[in-house]
Amino acid sequence: MTDSAFAPAMALALILAAPLFGALAAMVMGRRGAGIALATMAATGIGIVTLLVIIAGEGAFTLAIGGWEAPLGIQLRADGLAAGFVTTTALVMGAILAVAGKPFGAGAIERRGAYTFWPLALLLWGALNAIFLSGDLFNLYVGLELLTLVAVALVGIEGKRETLAAALRYMMFALMGSLLYLLGAALLYAAHGTLDIALLATRVGSAPGDIVAAAAITAGLAAKTALFPFHSWLPPAHSGAPAPASAMLSGLVPKASFYILLRFWFEAAPDIAGTGVLMLLGGLGALAMIYGSLLALHQDRLKLIIAYSTVAQLGYLFFVFPLAGGTSAAQPWAAGAWSGAIFHALSHAMAKASMFLCAGLVIEAVGHDRLPGMKGIVRTLPMTVFAFALAAITLMGLPPSGGFTAKYLMMTAAFAAGQPFWALMLIVAGLLAASYLYRPLALAFALPDADAKVPGAVSRARQAAPLALALAAILLGILSAAPFAFIQIGRPGAAVEGLE
């Protein structure tokens, strides 16, 4: 291996291997799971910083494992998009693992949770990194399956009847999605002899087999992303799991399947979709936005509000297909629409994880997450309420947050493309988000009832973790020019477009 190839190889090795070896170590040394997680964060962080420096200085690159090139070998690919998701995942996982130290630490009452949470969390991190850095559809499938199995286990980690039922429902939807994805991948391999994304881009066409394969892959990934009408597994799974697990399930897990959709439609098969298919995906996203928002308005538990909000917020992501897919990919507004979807995915990951961590701290303080019991909680958890408010600003799409940058880019693209309907839906969804997020914030600042239970204390150090995530989502908007340029690195056919 040459010196020029050593640094990229070591960076990818650290990012991929550190979480997996950390998970193995946590299985063997159960009581030291928190310390192992800290060491894993340090090793992975070194790899990510190295990767960011390499991509910023030298551009995107691919790495053939064992020296075997495609279609025989495993290809890893690192570009601006992959690095953006890997970095965001590390930030979110760092905050989650910091908060999880008490409920799943060595002194936790629930011994099973203390022993099983850390290996599962680190395995999930490793699976996410593998997905974001894979360059072919089969290895993406392997990473997706590992991610699914770990996520199901995290949903049912407490062993309660309702959480086990939610985990089983999630598993059924996930297995259905996996079978559809595998069917599509098998059809593509049978027709073209490869699953490498770069090679498929030169071979996939409008043959009936390719169209069926694309439909199967898209349907399977839509189910895993919880796109309407495949969303029914998400609210019970996210609301029933422990708060650190909910933060992973909502902030990170759906982004993996959406990431694969992006890679497939914009790189492996950019010309296969007709206008009708792209409009259908956008329309389902719009339905998800409205349906999830309306259900969030009718919930009286904080975690259920956040969970149904996830259904709505994930719908935003699918506007990228009618605005930047198909014939629109060559238009000047495509980069804005594509980048807007990425900004939303990244800012939502941080903001939604922050919200679930805040909900967990509220439950720890008052013993439940029912809204009436949250009156006056700002007096006990000021940093938590502030973090929730900042995260709400991002989800509503208000300036100067990353959510605002995402909406600005997508709305600008919608008007430029002559499709103002998508811009209107973004405005409506923002108003609905303000409506359902106002309720818990208003109660947090209200006077507590005279007979209300005195909330328990939560350390400021643990409150700082969700606050840091919420601030990161705001900073993504304030410093948006650099991330916008960075995620364009290595994007095929990227249009030259700025934020002006």
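Just so it is clear, glycine is given a Cβ too, placed from its N, Cα and C backbone atoms.
TrEMBL has this to say about the protein:
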- 6-29: transmembrane segment (TRANSMEM)
- 36-61: transmembrane segment (TRANSMEM)
- 81-101: transmembrane segment (TRANSMEM)
- 113-132: transmembrane segment (TRANSMEM)
- 134-430: domain 'NADH:quinone oxidoreductase/Mrp antiporter transmembrane' (DOMAIN)
- 170-191: transmembrane segment (TRANSMEM)
- 211-234: transmembrane segment (TRANSMEM)
- 246-266: transmembrane segment (TRANSMEM)
- 304-325: transmembrane segment (TRANSMEM)
- 345-366: transmembrane segment (TRANSMEM)
- 378-399: transmembrane segment (TRANSMEM)
- 419-438: transmembrane segment (TRANSMEM)
- 467-489: transmembrane segment (TRANSMEM)
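Of the recorded ranges 113-132, 211-234, 246-266, 304-325, 419-438, the transmembrane segment (345-366) has the largest number of C-beta contacts under 8 angstroms with 246-266. Ranked by the number of CB pairs under 8 Å to the transmembrane segment (304-325), the listed stretches 81-101, 113-132, 170-191, 378-399, 419-438 are led by 419-438. With Cβ pairs under 8 Å as the measure, the transmembrane segment (81-101) is packed most heavily against 113-132, out of 6-29, 113-132, 467-489. Residues of the same chain lying 6 or more positions beyond the ends of the transmembrane segment (467-489) and with a Cβ under 8 Å from any Cβ of it are 55-56, 59-60, 79-81, 83-84, 91-92, 95, 335, 339, 342-343, 346-347, 350-351, 353-354, 357, 383-384, 386-388, 390-391, 393-394, 399-405, 498-499.
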